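**Q** The Mn(2+) binding site annotation in TrEMBL covers A:His150, A:Asp174, A:His176, A:Asp178, A:Asp259, A:Asp261.
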Number of protein chains: 6
Amino acid sequence: MSKIWQRGIRYFSYASSIEKGQSRVIDASLTLIRERAKLKGELVRLIGGAKASASLLGVPLGHNSSFLQGPAFAPPRIREAIWCGSTNSSTEEGKELKDARVLTDVGDVPVQEIRDCGVDDDRLMNVISESVKLVMEEEPLRPLVLGGDHSISYPVVRAVSEKLGGPVDILHLDAHPDIYDCFEGNKYSHASSFARIMEGGYARRLLQVGIRSINQEGREQGKRFGVEQYEMRTFSRDRQILENLKLGEGVKGVYISIDVDCLDPAFAPGVSHIEPGGLSFRDVLNILHNLQGDVVGADVVEFNPQRDTVDGMTAMVAAKLVRELAAKISK
Amino acid sequence: MSKIWQRGIRYFSYASSIEKGQSRVIDASLTLIRERAKLKGELVRLIGGAKASASLLGVPLGHNSSFLQGPAFAPPRIREAIWCGSTNSSTEEGKELKDARVLTDVGDVPVQEIRDCGVDDDRLMNVISESVKLVMEEEPLRPLVLGGDHSISYPVVRAVSEKLGGPVDILHLDAHPDIYDCFEGNKYSHASSFARIMEGGYARRLLQVGIRSINQEGREQGKRFGVEQYEMRTFSRDRQILENLKLGEGVKGVYISIDVDCLDPAFAPGVSHIEPGGLSFRDVLNILHNLQGDVVGADVVEFNPQRDTVDGMTAMVAAKLVRELAAKISK
Amino acid sequence: MSKIWQRGIRYFSYASSIEKGQSRVIDASLTLIRERAKLKGELVRLIGGAKASASLLGVPLGHNSSFLQGPAFAPPRIREAIWCGSTNSSTEEGKELKDARVLTDVGDVPVQEIRDCGVDDDRLMNVISESVKLVMEEEPLRPLVLGGDHSISYPVVRAVSEKLGGPVDILHLDAHPDIYDCFEGNKYSHASSFARIMEGGYARRLLQVGIRSINQEGREQGKRFGVEQYEMRTFSRDRQILENLKLGEGVKGVYISIDVDCLDPAFAPGVSHIEPGGLSFRDVLNILHNLQGDVVGADVVEFNPQRDTVDGMTAMVAAKLVRELAAKISK
Amino acid sequence: MSKIWQRGIRYFSYASSIEKGQSRVIDASLTLIRERAKLKGELVRLIGGAKASASLLGVPLGHNSSFLQGPAFAPPRIREAIWCGSTNSSTEEGKELKDARVLTDVGDVPVQEIRDCGVDDDRLMNVISESVKLVMEEEPLRPLVLGGDHSISYPVVRAVSEKLGGPVDILHLDAHPDIYDCFEGNKYSHASSFARIMEGGYARRLLQVGIRSINQEGREQGKRFGVEQYEMRTFSRDRQILENLKLGEGVKGVYISIDVDCLDPAFAPGVSHIEPGGLSFRDVLNILHNLQGDVVGADVVEFNPQRDTVDGMTAMVAAKLVRELAAKISK
Amino acid sequence: MSKIWQRGIRYFSYASSIEKGQSRVIDASLTLIRERAKLKGELVRLIGGAKASASLLGVPLGHNSSFLQGPAFAPPRIREAIWCGSTNSSTEEGKELKDARVLTDVGDVPVQEIRDCGVDDDRLMNVISESVKLVMEEEPLRPLVLGGDHSISYPVVRAVSEKLGGPVDILHLDAHPDIYDCFEGNKYSHASSFARIMEGGYARRLLQVGIRSINQEGREQGKRFGVEQYEMRTFSRDRQILENLKLGEGVKGVYISIDVDCLDPAFAPGVSHIEPGGLSFRDVLNILHNLQGDVVGADVVEFNPQRDTVDGMTAMVAAKLVRELAAKISK
Amino acid sequence: MSKIWQRGIRYFSYASSIEKGQSRVIDASLTLIRERAKLKGELVRLIGGAKASASLLGVPLGHNSSFLQGPAFAPPRIREAIWCGSTNSSTEEGKELKDARVLTDVGDVPVQEIRDCGVDDDRLMNVISESVKLVMEEEPLRPLVLGGDHSISYPVVRAVSEKLGGPVDILHLDAHPDIYDCFEGNKYSHASSFARIMEGGYARRLLQVGIRSINQEGREQGKRFGVEQYEMRTFSRDRQILENLKLGEGVKGVYISIDVDCLDPAFAPGVSHIEPGGLSFRDVLNILHNLQGDVVGADVVEFNPQRDTVDGMTAMVAAKLVRELAAKISK
């Protein structure tokens, strides 16, 4: 769809009214997020007592995937699964999700509407970064981002780092390193986001866990950027280390990025890239629960509702990841 | 989810900052729609030559359904199906959908985000009406609304009638009359929208086609409001009349409301209320193609993606209804 | 499973205790149906005013099918769909199903439990016939039987005819004539039930509608028994006749047997024998609604839940057939 | 449906005939179970040599679930899967299921039929308890109960304990503790069954394994009743203990209650409450195979066929649990 | 896959051994078809009495589709459905499919194996044509081709016409005209096959029935080649003509090409291009059964097993089309 | 289908033309494989430097299964999944699959076409063996066979052993031992293939891993042939041994036979025999990656596409097994 509109709009882009209209649409989009973030920040501060509080921000962007576009439909499905009533509202370690100090929601960045107005990817990525900063503006809210495909981690981490004024440590769970220099000519590809992050200096350490689809370029880029790549081939050996991580000291904190396909497809069939041989859900929770560090932001990405089971098992999986991350962030 | 937040927000509603925050969120929402409508209106006028042009407005509202809430997920699925590439961009009678004079899109009313801020249904319905008027403000755009459940037809038709300054004739295709005085205590229920419309004087004639689940109250309300109810029991007899309709003369035009469940579930399984014995897809097109009248607005509602087939057959059905309605509206 | 037990039990069948135990299980089964029928008959008579009232009797028997055994699971699914809440409780012509004078339920014949005790098919068929008579014993209840495969129509029609003291006319909707002399050596096969009925003299006229899988033997048996076979090949020609039937005069009334596969698989995919080219759901209702005659019993058979869509479309179809039949029977 | 009928029946409950009718239906139901149990007991005793023998009793009850009602449809699906022919009839440790001394079947308690006659839950629970006792009456049969939802474990364990004359030890595998004082006002809720069991003194030790959805009340109730709660969070640590259990000494034996959702949804998707992070199937078998103790009864509950995969994977899982439990019980 | 191999092979194509190897693979492929055709022809002639006999030839080619490649998997699925045992072996008008004089099978052209050896599309299309001629060589066999996508109709019709020495009349059932000059740069595209056929003079009359996705180019190409296009928009008017066709007189006979998507997706969901508003299965059979003419060849194409329902409804639909075509061809 | 044709052909088998025709069809089939193998061998030799290279050979045979026939449809699905584009072309340990020295493909043995000509199983098994030998003829190609059901392992291993001139060691991953003397009267049954292999002396050691459905005969046959059976019951104990295997020394090498059902159905639902409690995908890879030995051939069998998930998860699993086996074979 967007191609059509962009073409139409480019044709008339000499007309300054079109150009101004695009800017006004972007401004209105950011205003809407700012107002929602303000309202939620106000609410949490009124209740009081929270030093850090997770706040959901949906980024329904799927056009930078190399295969299938379903992750653009994920945020509303994950929200539905978080509150669906078939499970209670406590996290495994006893936090109460209905408490606004643990979890609020500022809604979605209107990605599709912005693209449909002919706005290009550079500006769109900036809108995502701006949206994350608007959330962080409201103490004690911290962004817990619902993807979308993995391309969104770049503008999100960039915003977190810029807002905090320095690099973070990143725990990245994924079947793939997503660190190609450029994938199919797209520098914003979901397969390149961590190359952009490392180039930008937004992260000090980058730990990649669950890796099992990696080629020579992936390994070379890993070395180039000093990435600590834990491949599934050696997971039984590495488990001890990974279940006792301590991150974020001496930098601005820890950012956690979970690509749902870090899990074996038996546990999470609703992904675009089926890659057998992954982590179990309990493996992931064991790593998260035992991680020591100040979690300043997080994302859950690449859930593809168009590939999920009829009863939405992967939506429940993504939702539980979000729930446990909210517990990890809030304090 | 909304219940939780509303509770939290009510508790603190003495805090005037919360109250003002809600208003600012609503204002920002309407501003975003206004700017998108302006941009699309400008584009169509720049191309020139259009007297009427369909413009999509999504209303992802599902909480007024009596059964299942899936229609809130429908608008992005319908858009995806319209442009999915497995079919070409011509309508059956030869209009080109890629021509902005035939079809533009102003995006979705942010229904879930507004509700999540604790805004009640009265104000939400007004936001929907306002959004429709913002589209109509931009000549020659006419609203082609993507539901959502059928409760949205009330604020949409109200807006159309108020904006045009008088009643319209309504062609309503549905398995149910949706004309209960009040359903389970909810005056905005999707089963009561046409009672609200008739009470408000927004329609002169109301023709209901495809009806096959109706009880005594439905028939009595029909008589009370002078509704012309064409039940499926007699469709083979009524076909001649229905394939030769002439509507909207002497009033402000014709509004067409299509509940996807007017179709037999064989043709549209993705609905919340499976009611065998309905229209075929061709029956519906024959009625639409042969209708004479100035179509000033339309909606396609009650498509439930959570009940669709794995390959999205009903999404394609809803999309083709939207496509053919766009052809009918534009001129 | 049954084979195993029968073998075990035959081995010990000299032990008279086993033999007596089987009889006591059968007696207990019939007592349970008798008591339920009595209770429901009492209830309807207490309300008063009913001359005929449909009462559901489930016969979860699937082992006489030639292909797949799923119909044994159908009765609970159909009941669930009748009362599922996604549709209201009025029939198309305005009868209220919640009124016990229109519809009651006496539960299922415990077919699987009886077979598992080593009881053979001859005795099982008699238990089914006895159960039907126990329902008819309670004025004004009339049996509306939920299959099960089509083999059950033989013991049911036999019971109806014996109880009423003479033959009935049968309206039989099906893709197949089910009139083989014997199918794969099984005289009780679901493909032979109407041969048994005609041989027994339990029917005067037998009209078969929807036929589209018939071989030479099927046509010859049809001639031999004077069956009126309406094949789909000529349905557009025969429609006039079939939508104006008058049956049952001069005999004990009309029995209606609906095999769900009379419908095209587009309308009813949940059947064991997919046979494209069948009736639409509306075609069936047009035939039923316009039929004149005193309907003394009916069955809906061959719905196979194991082949239904995920959301149970065929269950809803079978349920609506049962609902409309209840309306036809009760008065 | 039941609500309708109960209403009708209450209205007329002054009519003593209705009241007596209900009692006669219950009596007939129990008679049917008694006769089936007698027949199977006789058969096993005729073969001779068995000290304990598992006998299936289905309890198709789903109305006490808080979410979805599908478990009422489970017993016939589990039976079908036990004997389905795609696997052989030996258990993993070499017992032969076709040997009546290992496994017999006394059929289902007619739960739906009893409820449909207007019988309330107190009496229904008693019917379940009575049915279990009728099985235990027939030496050497021991009840292996097919649920139904988890609410049935209360009347079953109560019957086992009363019949044996003292408490048992319970091994309870589940994602949830099911130990709320009362859930949504229903003391018989499937979320409260173990509160009822502990209050009644029917168990000495209660070990809960697989727990991963538990809130503050669940943990407090656990402490109050002295429950040994093994949460999944620490499963890797607890595995050693759980694979070497010795239970039931000094009391009347061991009762095993398996909620299918103790398994991770990857292994058992067909459950009402998807809770990621559970046990693997092999984890469960390792616990069962290594358990030392005299198993006097068991249940497999909460399998929901309406959420299973198209090919019935969870039915096969539930069936294998039943098979291995039968091997564990029989001797 | 093929791209990879072709690249590898082109690189070494100077090596004459590779070039000769390809030719030997093609020769071996044609020899295999020749031998199978000979064997089947011999069999039919031994039985004797047949003037024309349908013989299945599978062409599992999907790479010329513009969207999805599933039709390459169709031939074995259709064969399985023809003989699947859930329906009998008589056609609707009484021909016996087990009689080799009605239907034989010469197997599949090894399309994938040939392409994998680096053979290009020009040579591949010739192999298909040659294969058809090898079937026609064996009196009285006539080709009944199982696609594959619609691109195969061009080499098939070309072979039929060349072998018979003149043009045929074509009855073409389809949602699309498939008559673009060139689609996405591919002259062999499945959207261009009838342009190639008409250009080549292989057909005198071309009747297209079921058309409902056609743009301006489609209508113009139709006029250019004198195609008789019957659009669904006017099907109710055209039905009389289409159910009384007489074709093939004065030319070499009639060729029938059925794209499964001529059917409404309710009847045939397993297609790549869901286009609502199509023919019913009975509509198609009414046209076929009443057609007068000598049918010299036929194809059934574009069935896509990857989009079919779990229980293979569209496979059964495609199979029944093949069965009825076999009856039409044989005499 | 084959039964029909065989009958027809037997009737006329006096006609020597039929007999000769069959032989010519078999000759043509083998010629086609020989030519494809030659071409691929030539290609690999031209590139140079490979000592061993995996070459795919499909054997789409499913008629020797005891339950369901889907594996006959597996080879094209596995190939599609190998090259599907959702994963890259490197194996976990870094081999490049697009390099012809790692993987080539010689296509499928035309099993269905040969059977359809009336050829019996003895000759068919010989054709399979001959095809394997034709691949091995072309140095450095080694056969990597795509089943089909497990019956094909017998003719494949026989060919490998005969061609190499002595026995091999076999690593056999499976839920079942497949070592019955004869299953349901069929000596070629997929449940008997390893009995045939051991009797023929084609293997020295046979290690069976993943076993969890085995009866007394299975264990006795195991002892008789000296099979090393590793049952899942003790897998946690045996893991150390199995992840450090060294095989094939002193014999002609190692053959690996992977029945997809060695995996737990959570990881591979698309199999005919659902047997819970199996290996994880990572368990299998750990065994394969750590195996020391010269792998001279391998097969991946019993993937049943008709039981796979809608999005083909098991196809991806089978494909990854093939990919990692290709890496293991090639050098």
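Using the three backbone atoms N, Cα and C, a Cβ is placed for every residue, glycine included.
Given the structure is predicted, the values throughout are model-derived calculations rather than measurements.
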**Q** May I ask you to pick out the binding-site residues among A:His150, A:Asp174, A:His176, A:Asp178, A:Asp259, A:Asp261 with a CB closer than 8 angstroms to chain D's CB atoms, ordered by sequence, or 'none' if no residue qualifies?
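**A** The binding-site residues close to chain D: there are none.
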**Q** Within the same chain, and leaving aside A:His150, A:Asp174, A:His176, A:Asp178, A:Asp259, A:Asp261, name every residue whose CB is within 8 angstroms of the centroid of the CB atoms belonging to the recorded Mn(2+) site, in sequence order.
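**A** Result: A:His172, A:Ala175, A:Pro177, A:His190, A:Cys262, A:His273, A:Val301, A:Glu302.
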**Q** Tell me the Cβ neighbour count for A:Asp259 (Mn(2+) binding site), meaning other Cβ atoms within 10 Å of its Cβ, over all protein chains shown.
**A** 27
**Q** Below 8 Å Cβ to Cβ and six or more residues apart, same chain only. Which residues does that give for A:His150 (Mn(2+) binding site)?
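**A** Set apart from A:His150 (Mn(2+) binding site) by at least 6 residues yet with Cβ under 8 Å, we have A:Asp174, A:Asp178, A:His190, A:Ala191, A:Ser193, A:Ser257, A:Asp259, A:Val301, A:Glu302.
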**Q** Around A:Asp178 (Mn(2+) binding site), how many other C-beta atoms are within 10 angstroms of its C-beta?
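**A** That number is 30.
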**Q** Specify the count of other C-beta atoms within 10 Å of the C-beta of A:Asp174 (Mn(2+) binding site).
**A** 27
**Q** According to DSSP, folded down to helix, strand and coil, what is A:Asp261 (Mn(2+) binding site)?
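**A** For A:Asp261 (Mn(2+) binding site) - judged by DSSP and reduced to three states - the answer is helix.
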**Q** Looking at Cβ-Cβ distances, which residues of the chain lie under 8 angstroms from A:Asp261 (Mn(2+) binding site) while being 6 or more apart from it?
**A** A:Asp174, A:Ala175, A:His176, A:Ala268, A:Val271, A:Ser272, A:His273, A:Ile274, A:Glu275, A:Gly278, A:Glu302
**Q** Can you see whether DSSP assigns A:Asp174 (Mn(2+) binding site) to helix, strand or coil?
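**A** Assignment for A:Asp174 (Mn(2+) binding site) reads coil.
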